[in-house]
């Protein structure tokens, strides 16, 4: 949890922290709940948050960032800090003010470079084609396609079905499908 320095003075903040602890403790264990105090200076806030994330990243390299609450500068600073973290899967969630719903999106989708080659590879995978078949259609070597797939994994656009195989089969993730929509790429003429 990210809180302002001297947060102990605010009963509202203490109540919110207790509520979050009551929800999160049974799931992740109380020892895994970290309270990060940050100054109300934008640059220092982003720096401290970034360092704290890096120092406390778990072995699964997965970050679930629930960005909610009324302190917009904390939300912006946290999002900016998350942009500095490399080689992790970041899922950002936020609820609507009226609690009518929430959004949950992978940050990698929005950080992935816009590459026509990647779109063509994703289309090939969605059509059930092998790495070899995709390489033939694109006029590239299978090694080049494999390299591109490894780069795409970093943004969670694709994932190996069985990662321990010598030449794994890749699956397109939800993030990969959103990437295609963001890039305005279609695989078939009949796609909407």
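Yeah, the Cβs are placed from backbone N, Cα and C, and that goes for glycine too.
Taken verbatim from TrEMBL:
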{"type": "DOMAIN", "residues": "124-150", "note": "domain 'Transposase IS30-like HTH'"}
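Residue counts for the domain 'Transposase IS30-like HTH' (124-150) under DSSP, helix first, then strand, then coil, are 20 helix, 0 strand, 7 coil. Confidence for the domain 'Transposase IS30-like HTH' (124-150), expressed as mean pLDDT, is 94.
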